[in-house]
Structure formats: C-alpha cells, structure tokens
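Scroll down for the structure; my scribbles are underneath it.
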There are 4 protein chains.
Amino acid sequence: MAGNTFGKLFKLTTFGESHGEALGGIVDGCPPGIEIDFQAIHAEMQRRKPGQSSIVTQRQEADEVQFLSGIFEGKTTGTPIGFLIPNTNQKSDDYSHIKETYRPSHADYVYEQKYGIRDYRGGGRSSARETASRVVGGAIAKQIIPNIKINAFVSSVGEIFIDKPYQDLDFSKTESNAVRCPDSATAKKMEAYIKEIKKEGDSVGGTITCVIQNVPIGLGEPVFDKLHAELGKAMLSINAVKGFEFGSGFCGAKMKGSEHNDLYNADGTTKSNLSGGIQGGISNGMDIYFRVAFKPVATLLQKQDVLTTKGEIIEQQGKGRHDPCVVPRAVPIVEAMAALVLADYFLLK
Amino acid sequence: MAGNTFGKLFKLTTFGESHGEALGGIVDGCPPGIEIDFQAIHAEMQRRKPGQSSIVTQRQEADEVQFLSGIFEGKTTGTPIGFLIPNTNQKSDDYSHIKETYRPSHADYVYEQKYGIRDYRGGGRSSARETASRVVGGAIAKQIIPNIKINAFVSSVGEIFIDKPYQDLDFSKTESNAVRCPDSATAKKMEAYIKEIKKEGDSVGGTITCVIQNVPIGLGEPVFDKLHAELGKAMLSINAVKGFEFGSGFCGAKMKGSEHNDLYNADGTTKSNLSGGIQGGISNGMDIYFRVAFKPVATLLQKQDVLTTKGEIIEQQGKGRHDPCVVPRAVPIVEAMAALVLADYFLLK
Amino acid sequence: MAGNTFGKLFKLTTFGESHGEALGGIVDGCPPGIEIDFQAIHAEMQRRKPGQSSIVTQRQEADEVQFLSGIFEGKTTGTPIGFLIPNTNQKSDDYSHIKETYRPSHADYVYEQKYGIRDYRGGGRSSARETASRVVGGAIAKQIIPNIKINAFVSSVGEIFIDKPYQDLDFSKTESNAVRCPDSATAKKMEAYIKEIKKEGDSVGGTITCVIQNVPIGLGEPVFDKLHAELGKAMLSINAVKGFEFGSGFCGAKMKGSEHNDLYNADGTTKSNLSGGIQGGISNGMDIYFRVAFKPVATLLQKQDVLTTKGEIIEQQGKGRHDPCVVPRAVPIVEAMAALVLADYFLLK
Amino acid sequence: MAGNTFGKLFKLTTFGESHGEALGGIVDGCPPGIEIDFQAIHAEMQRRKPGQSSIVTQRQEADEVQFLSGIFEGKTTGTPIGFLIPNTNQKSDDYSHIKETYRPSHADYVYEQKYGIRDYRGGGRSSARETASRVVGGAIAKQIIPNIKINAFVSSVGEIFIDKPYQDLDFSKTESNAVRCPDSATAKKMEAYIKEIKKEGDSVGGTITCVIQNVPIGLGEPVFDKLHAELGKAMLSINAVKGFEFGSGFCGAKMKGSEHNDLYNADGTTKSNLSGGIQGGISNGMDIYFRVAFKPVATLLQKQDVLTTKGEIIEQQGKGRHDPCVVPRAVPIVEAMAALVLADYFLLK
C-alpha cells in the first residue's frame, strides 16, 4: 500500500535510499527451475550505471548485485529472490547544503510535508538511484519471457528527434553511442546538444520509444488492468516521466476512424498497427510500441532560488555530480519496467 | 487479478456486459456516516448517457441506479455499497451480424483468442457501456472528497483545439454545449466538424483535459504508486484512450531544466506549475492537470473489410447506433476515474 | 481492505445486509468456458436456507439467485459473474426492539463504536444471512475443481459427538437427517438434544468436520499463505466460529514425534495421515481434514440483560425467529469456503 | 501471491533459506517519525535464537540484524525498512545425507513435487529459521502499537498443562525458565519431561497461549477479514502449528447460549469474556486471548524409515542438531505474528 511493490504474480518489492547502507529488493513469484544468467543481469546494471561517458554524471557506482536467496546451484527454486546492492562511495557531506533547503522541482518539500521527516542525503528514497533495484527485477523478469524482445531507445532529446518509423531502425545500434539512439546521424546531433547544455550547467528532457516484439496473443486483462494501462503506470512511476502514449498515441486523437482502424489479414494479423499491439487491453500479437516523455532533471549547476526550511527564499549554487540528460540512462529502466509488466501478465495468462 | 477491481482502500469492483441482464458493482471501503447525494449520482449518470444531443448516438439507456446495500437512512454505514444498473431496451438481434465476424480495431478477436468464447452482443464486456459502473463509483468517491474540485472538458476534437491555458476558461460553461468544451467559439467549430464526420459515417478522436484543484499536500506514494502513475493507469483503462500526459507532459521533454523548474514562493506554493501539482509522486498542493488522448471509435457507418471466424476477409456495412465522437461523453468518465484515484489516496494518507 | 473480498485469483466480493434490498456479489477470475450447473447452485442455496426442518429457524427465505453477467449461453466467459439474492419477507419492524439496545455477544455494540452508525435491522451486515453470497461463490468454485471432493458434516452438538474416525462414515448419509450427521445413531441423539434446547429457548454449539479428497499435490504456498492457514482464515471468517484444527490438531500437541510422523509408502503416499494432507503449507495428495468449532448462537428466546444505547442495563425478552443450533446450516457454508480456498490455490498452481 | 508477504498496510515481505547467504525482509508501510528501539529488536531476536539452554538445540545463530534503509538518525522515515540477517556457521555438508531422501512429515517431498527443485540444505525455505525475519517485523510492529500488551507463554507440553486461568498468572515470570511457562511448578514438570524426551531422541508438541491487552475498540473488519480470522491465519502460518482457538474456543462448542453470552456492564465492558475480546470480527476492548497447538517436530535422533528420491524406503538415522520441543522458542514468534496483525489493523482503523 505504501507503494514499494510492483506486480501481482511476479512481484518486485524494493527498498533503499541514495545514501543509506544499501539498496535492494525481493522478487517473489519467480517460477522455479530457471537457470539465471547472472552476466545478463550484470550487463543491465552496467547500462543503468552513471558515469559511463563524457556526457553523463561522473558518480561512481560499483553496483554489484548480491543474490541472497531463491537461487540454488544456479537455478531459481520458486522461493523469493532477495538481493542487495551496497551503496559505496557515497559521501554524505556532499549533500549537507541541502539539509535546510527545498530545491525547486525536487521531492524535498513534499516528503517533508507528508512524512514530517526526510533523509535529505542525495534525495533519499526519491533519488533515481532507486531504479537500480528495478533493473535487477527487470533483468530477472526478462529471463522468464525470453522469446519476447524488448527494445527501448532514445527517440528525442530536446527538439532533436529521430525522423523515421521504428521499423527503419536497427536496434542493435542503440548501444553504439552514448545517447542510446539507434540512428547515428541523430545520435551525433543529440550528443553535441547535450554537451552544450552541460557547459551551461543546464539540463534537457527527451523521449524514449520502446518496441516489444513476439508478444503472445492474450496478455492483459480487460477493464481496469488493461495491458497498456499497466505499462503506462509502470513508465509513469519512473522518476521525471511526464507522459506516456502507445500506438497512435496523441496523434491518434486527431485522426478519423476510417484512417485509424487496423484492417485484418486473413491470419488475424493486421495490415496497419495504429492500435500498438493491444486491443481492449489485450495483446493481439502485433508489435507493442509506446513513447515515454522525460522532463529535464531539476538539478542544475547554476544559481537558483530555493526555499529554506525556515520559509525564506535564498539563492543557491547547484553543485555536485550533474547529469545534463538522464534520458539515455533511463533506457534500461524503461525496458526493465516493461519486462516486469509482461512477466506478470505472462504468469497470469 | 482479473482486473475488475480498482483501488486499494476505496475499492470499486464492477461487472456487466452490454447486453446482459444488468451492469453493476460494489464499492468497498467507503467511510461511514456520509449523507449520500443521490441526485448528484443521478446527474453524473445523465451526463454519461448516450443520446443526449443531435451529434451523438441515439441509444436510449435509462440508466437508473439501484442501491442495494451499505446505505441506511440516507447515510453510508461503512459496509459495501452494492448497486445495479439494469440493461433496458437492448435488442440482441441488433448485433447478430457480428456474431461471426471480428470488426477491425475492436476487441472481438482478442477476446475470442484469450477466452475461447465471447458474448458478441454489443461488444459484451468490452463495450463502453461498462463505464456506467465507473461513473457510479466515481460519483460516490467525489462525495468523500467534497473539497477537491475535479473539472474535465474536451480540449480538442480532431485538429480543432482550445488555444488558451486552462486558467482562462470558465469551467461552469463546460456543460453549456454538446461537445463539453468550455470555450464557446471552439465548441461551435467542434460541433460543426462532428456533424460533418457523422454525415460521412466516420468517427473522430480528441483529447480531454482535466484540472483538479484544492488537493491537499501529501497524496500519493513514492516509487511505484506515484499519484500521477495511478491517475495515468486510471485514464488508460478507459476505452479508446491512447495517451496520458500531466503537467508539462510531452512538451516538457523538449525543455531545459532552467525553464522547467518551478520556483518556490515563501509559502511553499510555486510560481509556475509545469510539474502539474505533483512532485516525486506526491501532491504538492498546486493544481493537478493532465490531458488524455482518445482515438476515434472503431464503429463506422461505412463499408469495411472484416475478418470472419472462418478466416475470410469480407466487406461488411457498419450499422446500428453510431457515435461519431465519444470524447464529450467521456468527460464524466475521466472525472469519475480521477475521483476514484483521489478518494483512494485520500483514505491512505 | 475493508474485508469484503475473499481470494486472490478466484475472487469473491460480497455485499448486503439482512434487511436491505438484496444480498449479492461478484465472482472475478472464474475461468472461461465452464458450463455452469445452475441446479447445483440452487441445491447448495437450499441446503443453507433456514426453516428446513422442525429443529431450526422458521424464517422463510426464497433465496433465488439471479445471475446478471459473466455467463453466456450457459457458459462462463471469463468476465466477472455478478449475482443477486433479493431479500424477501423481511419485516423491518420485527427488529425495532433492538434499535436502542446492544444484545450480548452480538456485533451491535462494536459496529456502533467502529462506524458510529449501524443498520440495526436483523443484525445488518453482521447477520449470518451474509453467508448466502458465500454459498453462491462456493458453488461456482466447486465447478472449477470438480475432481476434488469436499464433504463436511456435523461431528458434535454440545457434548454429543461421533465416536468414529471419518473413514468409517458414509458421507452420502449426511443429508439424510436434519442435523447433517452421517452417523444415524448420533444424529438421533443430536436431534433430541436440540429439540430440548429449543424448548428452553436456549441455543447450543457444535463442531463441523470437513474432509477434502482427491486434492492434487502442490496446492498451497509456503510461509505466510500456507494452504491450511488460508483454510483456517476462511473458516474463522464464518459467524460464530471459535476454533480451527486440521490433521492431528490440538491432540497432536500432546504427542511425541515418533508417534506423529507419517511414514512414507514407496509411492509417496503416507501410511498414517496425522499431517492432515498438508506438509509445509502444501497439499501432499492425502486427505485434507479439519474441524471447526461453533459457539452457541447469541439470540435466545429467554429474558436477558442488554445494554441500551443510553448506557443502561435492562432486561429484554428475546423474540422473533430462533435457531437453537446453527451448526447443521453451517455445513454448506464450510464447504463453500473450502471450495473458494481450493479453487483459488488451484488457479495459482 | 507466492505468499511471502504478510499484511495489507503494514506489510512484511521476507526471503531466505536456512543455508543461503542471508535471511531478510522489507517492512513497507511503517509510519514515519518512530524512534526505533534497536535494543528491543535485538532482545526479541535473542529470545527466538536456538541454543539458549540445555533443553534446546545447540545450533549457534548470531542473528545480528542489519538495517539497510528506512531509518534516518534513529527514526523511521516512512520509506521501506530493508533488513538482513546473515547466515553464519551453517555447514552445508551437515545436510548432505538428506539430499536424496524425503524425511517423514517434512516438506522435502512436496517442495520437490511442487517446484521440481529444492534447496535441501537444512530444509531450505521450509526451515523454521525463516521465522527470524518474522521476529524482526514483529518487533518493529510492536513499536507502533506500544500501548497494546502482547504476552504469549507455553501453556502445555505433551500432557502437562497449566491448570489455571491466565488471569492468575504473572506474565513477568514467562522468561524466568527455559520452557517459557509463567507457572513455576508446571514449568519444572515440563522441563523434566522435555529432558526425558531428549534422551530418547524423540520430540514432543505443546500449546502456546497468547493474551493481548489494552486493545482499542474497533480493530478488525467484518466478513472475510475478521480480526480473529487474520490472527488465526497468522498463527497457522507458523511451522508445526495444527490448531487455533480464541475465547471459549473448542470448549465453546459444547456450551449453551445462556452460559456463553457475555453480559454487558453499563460502560460497555462485559462481565465474562468467552468471546475473547472480539465480536463480529471487531475488537470490543476486552482482553483478546487465543491458544495455538504445535505438533512435535519431525526431526528425531532415532532411526526412521525415509523415502529416497528413487522411490525406495530405507532406514536412516537422524542426526545433527535436535530440538526436542520447539514450543518455548515459538513464543516470541507467536507474539511477533500477533503484533503484525494488530499493527496492520491499527493502521487500517
């Protein structure tokens, strides 16, 4: 109820603050007998890790995952999988300047109002570091639905966007550049733009597109737990996300029915796919695709007015690590959340 | 798990097919001692009802709600509120032509694939008629959070949209026209356009904007159950919805942090509100606003290729009642779902 | 959360007060394609109905169940099954004498304290009439696990008990007498005793034993949701139940391990079955059996001291319908709850 | 769904096998601002720990709890509390002899049947070592309901039982002897008997009585989630438990209503308390008391027939650590589970 569990049959419960002892979680409901690919989990963690290139934050996170239960002689046993990601290299004094201030567009103020107390170090529980546990859960989820292919990529940064349908992209190139954009020409523009933004001590938003292929027909529940409703919730639960659309999305709202309807082929597939692979909340076997909007991160390396805990407005110079664009780092998180949703509905099927 | 319950503490469970005996539901978790305003519930049902004007479907639904429990001498008792909406005037033979066909962009095909059986009459459980139960639940939810003001309205139909911020609109005018657009000039254009679409036997999509005011600080749970994530899921669970954005939404993804950050006033309010009233998943006391995209409805009064249950593609003339634009009718449904989310988090607070 | 839903995958949500318009409920999660045996449901309802013989209450309940959704052409469709049991022949004035009093060992007082309001007519939601909805849900549950045999019977009334192991009983005789005791000699003693109690205007308790056969191996979840823990909760949720034991039960607490251990046969069955068919919370394929204790009902046809809403103790003569021993009527309820638990775990398997 | 979470608002999720890296869990939903008494948690862990006296198992468990999140500067923050109990001194080879056998009345066989795989070392997840996490959760739960007094004690071992009502006992003496029986004379008999049983390499069962005082009126939900139903489930989820009764329990089933009804005093308290502090599933302010039956543990230091994984029956000599009577060690576990239930309903109230 306090919102730290995701899923109904394949359940991930997480804990951990940015500067506490450790992050971690429990995966409950994982089927038994699955040979866990630890290297794949490690690889996903590396993708999420900050400080991977010149354009992003320099914080060093070892992010080694320790598995504590639920796996015996390399295979899942059907019992809960407990895991731990120790926090290393976190200097609490880095954040002492925010102990008595509420930064604009951060969660500092609402946490204080809601709980009457907050762990101010690095944003505490509201830090994006929390997503490390999601990536572990998602990496396990992927292994129980190995036939389903989930590919997310950065589709826009600021005003720069990929001007092609996803069918024309080669997903294997997503990891070939620092911005995780499979279109090389666009990727270069994005990188250049982010470097510029970084020099200004500013930040910029962007969008991630996610394409899910080889989905069996019949995943999803009608009415309240529609497949896309759960995917939407999953994405909107990621820090900095402001919007979600699937299939034709907001563009679909401008169209006529005669343009929008996806006509059938005789085998039950459809000629077009404006529906985005889901009808009435249930997967129809076509590609599922959706787009997620990320606002620019609120932490800037600029002077900014902040509110003090005493109710004064003062100017404060932003400092510390700085990530001008978190969108590339969010790619594995989008995939992880998609995997959690799909694994859950897969077990429910 | 089968997805017919919404909410955690204030829970709505619904049942009912388009052409079955009745729709209905159970509201569990409603606080005791609340004097129910039945007239307000009736009014919401009337707003949702089809056949209200020349531009929309002519189906007659009496939609009288019968309350069966949980209310004693006009007040809630804390026990579950069972309610019933009998289906009247539903002629099953109206739909006999779709018994052996799967209409494009309808749920016919996936229901058959998932369940191996379907009530084909009027779409069965996948019919938008299901939302009648949501409106009842939402109307009760509104009564336990009377200070919170929820106002939804049609902000675009096709390419026609309101070219003003919501602050410049008078929500009391929303009900003054058939398209539920509070801006009269835009409303007229929308109405003219929908009439044109209707003549063509076509349909058109649109968007609804919803503004929630007087929200107490502190509603929402961090991490997976963020307030906007639950609002997003609620909206995406409505038939025909393809997208959800709140605050700056997809536009926010193009912005810089220095433009996007909402600076504080000394009293904890913010000068701008691109965050959309929610920080870190928790309400901050500012207006919550979001936008929902509806695709055009799939039922057309035109000839269309359909798939038969035998795997053939045949041409079929659409017939029966026809609603060229369901977006105006969805306004009370958006409000109902928002009320359900807020009531739930209000009790959890 | 307010406790009117039972089950996780096969979910029953109920509503209704003793003297409201109707009782009813929603079964969500029932698999599609099941040909519903309405006659079997009707038969279970008849078993639960009061006024079946000279020894029990004379209240007339028609208890006709109306199914409103989720069943199409006689088969379940996978969508929620809404059902209704209208309250007929309920005269509210029968209960006017308890409007301003709290009867001893009834829920009147705690409802008033918890909710600040109560529907005093016939006990409102706390009436055993609520169990009618459970019987409907259980009767459907039985139909999705047709191979599993559930047989409950009255094993004791007051000090009179069946002095045989269940293996020596013929369950087909349970319905052959008014006390639902498959041992004729014991049944006669019980009937005579209850008639005596009835003359005194008093009531008496008893126990029900339930035997579940043909259970597949592997139902149940270790740790918190052990199969017997859920069965125990299910039984303890029935009005008037004070205790639950399975397998060796309280007797087992007096035994030595060398006596209590169930030695294996080579095929994995066990020579003895003190474990009661469940090991570590998981069914092992042997018979599951348990015993449920019912206290005597609190309503008496005698003078009794009651508490008034003004805080006075006054003497009140009990009146109205009177059931000196509800235990026989509880037999189908015990079976219904067992079926709900088993169906739920069966789907989860 | 896989049953490793307990509670609805105050939720404990646990993980861990007997011989894995560590046990642990997450408490989600703990209110913020509570000054955690770590010494009290440590003390509860010490009470649960085996090897405390000459009559019980000699296994050494350090059982130091590490708190990883959710507590800042000594106070809870409202975010999830992750905790860890490393497994130390576990020699896996101790258990190699059971790798290929299924011990009678253990969970070995059903785990293998259900999951197709099992961590055979020390019983894996089915080991009573799992309860260490429950004790941590319960110790935190106690701190959010400090006014409620929970006292459990051993009320019988084998045929030896305390022959007094609980009102005549001094709970402060429970910890004064190795069997946790507050009646010294009975305690001595129990101790002597357990020593005898130990010499035989046998084991013996017993019962625990738990008394809960100062419970506010109104805890519990009517119908399915009655307070005693949840307490019953909590107790039945503890390893080796075979029965649960509260208030008059199984004795109540022999009584007449005129004997059993609890007459009111003018202040709403009752003269007798056969109801056991709960009416209609809701606490009435009187003492809650219940009794839990534990079977003798299945591990014996005797020769016993076991089933091999190849389907043969062979004789095997039990070895390793041996606890002839686990009932005293279960006392803090009973209290922990009771605290979890009460804290959960307290937050729901």
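FYI, residue positions are counted from 1 along the chain as it appears here.
Yeah, the Cβs are placed from backbone N, Cα and C, and that goes for glycine too.
Where the annotation comes from TrEMBL, it is an automatic prediction and has not been curated.
As recorded in TrEMBL:
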- B:Arg48: NADP(+) binding site (BINDING)
- B:Arg125, B:Ser126, B:Ser127, B:Asn239, B:Ala240, B:Gly280, B:Lys295, B:Pro296, B:Val297, B:Ala298, B:Thr299, B:Arg321: FMN binding site (BINDING)
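TrEMBL feature annotations superimposed on the structure.
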residue	record	DSSP class
B:Arg48	NADP(+) binding site	helix
B:Arg125	FMN binding site	helix
B:Ala240	FMN binding site	coil
B:Lys295	FMN binding site	coil
Cβ-Cβ distance under 8 Å to B:Ala240 (FMN binding site), same chain, at least six residues away: B:Ala128, B:Gly205, B:Phe294, B:Lys295, B:Val297, B:Val326, B:Ala330
Nearest of the binding-site residues (B:Arg125, B:Ser127, B:Thr299) to B:Arg48 (NADP(+) binding site), judged by Cα-Cα distance: B:Ser127
Largest separation between Cα atoms (Å) of residues that the record links to FMN, namely B:Arg125, B:Ser126, B:Ser127, B:Asn239, B:Ala240, B:Gly280, B:Lys295, B:Pro296, B:Val297, B:Ala298, B:Thr299, B:Arg321: 45
Least surrounded among the binding-site residues, given as B:Arg48, B:Arg125, B:Lys295, when other CB atoms within 10 Å are counted: B:Arg48
Number of other Cβ atoms within 10 Å of the Cβ of B:Thr299 (FMN binding site) across all protein chains: 25
Which listed residue (B:Ser127, B:Val297) has most other Cβ within 10 Å, given these are binding-site residues: B:Val297
Binding-site residues (B:Arg48, B:Arg125, B:Thr299) in Cβ proximity to chain C, threshold under 8 Å: B:Arg125
